[in-house]
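Trainee: In case it's useful when we look at the structure, here is the feature table from TrEMBL:
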DOMAIN    252-387  domain 'GGDEF'
DOMAIN    394-644  domain 'EAL'
TRANSMEM  30-49  transmembrane segment
TRANSMEM  55-74  transmembrane segment
TRANSMEM  95-112  transmembrane segment
TRANSMEM  124-141  transmembrane segment
TRANSMEM  169-188  transmembrane segment
């Protein structure tokens, strides 16, 4: 019981948020309390002036007024410091003491004034005490210890004094005030319960809000973080790019870099995806070590990374950084007890010199990367004016492709493949040509990549293939045809079905068709490409691996896909007369094809010396400008004359080169 009574008057230090809320509320209410006290005291002193002594009507009210002013101002200043818990506890303790002291002083002064004056003045005293105490209690409702002390001291004294006067009116007033006191106590308890409940609800809401913010931050972190490498992801990269452009509008500058691992796909295919993931994690760590923690480094997807370099646009400095980044990725990666060797290409674009909009800046960095991979693999490339010219030219090609009458503008040229041992025609490769009304003759090396990017290559392939099949109808029945499939064609299962259906529609033996695919197409989607290749071979067509050796060749492809032919790229033939290394590589591939029972076509023979060297290395099938340039038609009567040339004789001044020597 005693503990319960004592607990009623203590400060709830175990509830810091409640204490802070009480002080915050009191800092608004107590200044009003002191104004009320002083105003009512002045009114009471005024009605008793001249009746009661001056020390009671002038001096005491003056002192009480000064105290009220000081304490009121003090509480007004607390509004900005209510969040300090220790200070809040101290102020509550102080107001609890002052509530008791001020209640005693004002009550004693008022009761003393009751002894002076007539009935009206005594009635004013009763009114002063009752109205003042009610007002003060309302101002202290947020802190029950002080409010209850005021009730006990003021109303208790009031009831005892007026009840002891013997006057029936005053006794009735005292009894009535006693009932009011009980109601006031209940109101204090109810209000405080509601107030503390509200504070607890606010605390719960704040906790929930905090948790929501934490979850939101976590979700944002997950949404902007690459799960594998721990780097920023594509979304974060573009968000930072937007921010970088916004910051740089007032004269800032920065550079965007795009990095791509060359030869990463075979790591997944040969060693498995866990090994590939391990390589990506290690590559990320190497890039981070060079760039440092303050540079935005993001994994954009697959084996592609993005970098934002603030305040760096100097070409020499960017190329230096680019070479360092490419160099660190050229070092071998340990994978599954072995090592894999990769390289990296990199493209830079600078703000504001190259572009001022985020998307345009990214596209130009991406183009610089594409240019590096195509022309300078393993090196950095800084986007320059001539690259902008290429982009515009590509854009012109794209628009021309969309508006062109491709059925009439596309045509096919033919280039024979000869058997060097027999000197006779082996097959004919079909090559695409495009003559546009506005752009004139456009090279396949220029319009096919654009068609790939814009998704138009499928239309080109269908038109060209139908033209090729129509031309085959008039050919001798023993002449095969080779047709190039794009990377997109070979990964679309519907395309493989369509090709076979067209062959059957034109009544051509599928065995006369060889479809050439590149290693790039296999790297794009090996599983889908394998399914298409197997479907074509299952229906009698043949499949050749074109440009063998210039990509990231994997013997797994040769073994698992069982190609009917490998075509050695012309880059190995250009130096073959003087380069023993090229000779050994070509000899190795020829021997491998012989052992596998696979045809091997040597591309790009342009001189008799190259032809002779290929013959000495054991090459049998070849094509190139030395034999015949691509032409719009086939002169069947002229082919035998070409084939009658003596290609089988081996010059006596050239020795046989063994690939193993």
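Backbone N, Cα and C define each Cβ position, glycine as well.
Distances, neighbours, how buried they are, the whole picture for these features please.
Mentor: Mean model confidence for the domain 'EAL' (394-644) is a pLDDT of 90.
When Cβ-Cβ distances below 8 Å are used as the criterion, the transmembrane segment (30-49) is approached by residues 56-58, 60-61, 64-65, 68-69, 71-73, 75-76, 95, 102, 106, 109-110, 113, 116-117, 121, 124-125, 128, 131-132, 135-136, 139-140 of the same chain, each at least six residues removed from its ends.
If one looks beyond the transmembrane segment (95-112) by at least 6 residues along the same chain, the residues whose Cβ comes under 8 Å of a Cβ in the stretch are 9, 11, 26, 30, 37, 41, 44, 56, 60, 64, 67, 71, 125, 128-129, 132, 140, 143, 145-147, 149-150, 153-154, 157-158, 161.
Residues 26, 29-30, 32-33, 36-37, 40-41, 43-44, 47-48, 95, 99, 106-107, 110-111, 113-114, 147, 150-151, 154-155, 158, 162, 170, 173, 177, 184, 187-188, 191-192, 195 of the same chain lie 6 or more positions beyond the ends of the transmembrane segment (124-141) yet place their CB under 8 Å from a CB of it.
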Trainee: For the domain 'GGDEF' (252-387), DSSP counts of helix, strand and coil?
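Mentor: Counts, helix then strand then coil: 63 helix, 40 strand, 33 coil.
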